[in-house]
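Peer 1: Quick one: structure below, then a few questions.
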Amino acid sequence: MSIKINLSTMAALLLTITTVPACAQQDDKNIKADKNVITAEMVAASLKPITLNGMILPALAPLGAVPVPADNPMTDEKIALGKKLFFDGRIGGDGSTPCVACHLPDLGWDVPTDLSIGYPGTVHWRNSQTIINAAYYGKLFWAGSSKSLESQAKSAAKGAVAGNGEDDIMEARLALIPEYVTSFNQVFGDNYPKVSNVWKAMAAFERTLIQTDTPLDNYLMGDETALSAQQLKGKTLFEGKAQCIACHNSALASDQKYYNVGVPTNLRWDSEALAQITFRYELYAKGSNEKMYRTTKADPGVYFRGKRKDMKGKFRTPSLRYTQYTAPYMHNGTLATLADVVDFYDRGGIAADGRSTGYPATKSELIKPLGLTANEKSDLLAFLGAFSGERITMDYPELPPYQRLFTEQQLAEATK
């Protein structure tokens, strides 16, 4: 079963939700003891932290209102424009890789391959991540290199192995599409479309791609029937013996910190020339020294951002939300199913073939064998399913055409 997003309804809901916390600040006498005035933020604030192995950790919580930056407010018109741009290959290099190419609505808003597809002539070097609930991240991409959806959209559309777009070319294209010229003028006041506002429109659209009605959210909001008995057992394991809560906590089910959990190298880097070329290019482009460029076989992760050896092999904790639809898993897609993920952690961050991280010195001390039984694994998997609601799909928009610069007759006359 799936649901389709209505952007106008979603935008109105977002605007309504963001006004609710103000009501919570009124005198208690004005607040009725009714579920209709209980917000996710209120519930989150009331939850007791989890104590695990001496650590005090935020409890899992329901998702609240989407954070919207003051310089990019949500409007129906901006969201509609952003949707078209998200699906439009003219935002990119040769027109073949719009955002949707790596974030397919019917396939989890990512792609079901270990490594994401790349710009023609390349293959990406990391796994595609879903856009669902990306609006809640403060650190986007596997290495947390973007701090906002606006910045992320720009980086993806211009990245050499992703969109590979150039600002001047993208702006020139948009200027030759009358519908876009009109829309950018109405939404942003641009005489002609500015690529900087492309990212704002896309980000506004992506902030509508959220899911706050999962079984877990419903349970945390007071519906005691939302989780099955098996899922409740899994929740106990999640917060205890399985130790998942150590990193996957709070409303997003991610602490957004960086860890090396032991994921082994994707073997395609050894067996597939194009994958290895892309990997070597990334090493070179991100400033690796000569020795590292020639000998490294594992993704250094967040190391690229600060060149600190203690950060090698570390990646930002991904959210567990919507993961029912986003296989394969990990930064390089080496684990095919959630059951594989559970087995991987149960072995202490070791793959089925015995391999682990290429950077053992930085592997997190949190990752140790868990000793889970078969029944406990089943319970845990059942609970992991509670982080996902119904599949979210969306119709592809009709994209506006270019304006013809001349008629067939004018062309014929010019070529006589």
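Just so it is clear, glycine is given a Cβ too, placed from its N, Cα and C backbone atoms.
Automated prediction, rather than curation, is the source of TrEMBL annotations.
The signal peptide annotation in TrEMBL covers 1-24. The domain 'Cytochrome c' annotation in TrEMBL covers 77-181, 229-388. Taken from TrEMBL, the feature heme c 1 binding site applies to CYS99, CYS102, HIS103. Annotated heme c 2 binding site per TrEMBL: CYS244, CYS247, HIS248, in sequence order.
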Peer 1: Tally every other Cβ atom lying within 10 Å of the Cβ atom of HIS103 (heme c 1 binding site).
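Peer 2: I count 23 other Cβ atoms within 10 Å of it.
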Peer 1: What are the non-local neighbours of CYS247 (heme c 2 binding site), defined as same-chain residues 6+ apart in sequence with CB under 8 A from its CB?
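Peer 2: Spatial neighbours, sequence-distant, of CYS247 (heme c 2 binding site): SER254, ASP255, LYS257, TYR259, THR317, LEU366.
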Peer 1: Taking CYS99, CYS102, CYS244 as the binding-site residues to compare, which has the smallest set of other Cβ atoms within 10 Å?
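Peer 2: It is CYS102 that, of the binding-site residues CYS99, CYS102, CYS244, has the fewest other Cβ atoms within 10 Å.
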Peer 1: Give me the Cα-Cα distance between CYS99 (heme c 1 binding site) and CYS244 (heme c 2 binding site), rounded to a whole Å.
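Peer 2: Cα of CYS99 (heme c 1 binding site) to Cα of CYS244 (heme c 2 binding site) measures 31 Å after rounding.
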Peer 1: Looking only at the domain 'Cytochrome c' (77-181), what is the model's average confidence as pLDDT?
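Peer 2: Over the domain 'Cytochrome c' (77-181), the predicted model scores a mean pLDDT of 96.
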Peer 1: For the recorded heme c 2 site, enumerate neighbouring residues of the same chain (Cβ within 8 Å of the Cβ centroid of CYS244, CYS247, HIS248, site residues themselves excluded), in sequence order.
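Peer 2: Here the nearby residues are PHE238, GLN243, ILE245, ALA246, ASN249, ALA253, SER254, ASP255, THR317, LEU320.
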Peer 1: Just counting, how many other CB atoms are there within 10 A of the CB of HIS248 (heme c 2 binding site)?
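Peer 2: By my count, 21.
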Peer 1: Sorry to bug you, but what's the C-alpha spacing from CYS244 (heme c 2 binding site) to CYS102 (heme c 1 binding site), rounded to the closest Å?
Peer 2: 28
Peer 1: In angstrom units, rounded to an integer, how far apart are the Cα atoms of CYS244 (heme c 2 binding site) and HIS103 (heme c 1 binding site)?
Peer 2: 27
Peer 1: Using DSSP reduced to three states, classify HIS248 (heme c 2 binding site) as helix, strand or coil.
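Peer 2: SS state of HIS248 (heme c 2 binding site) = coil.
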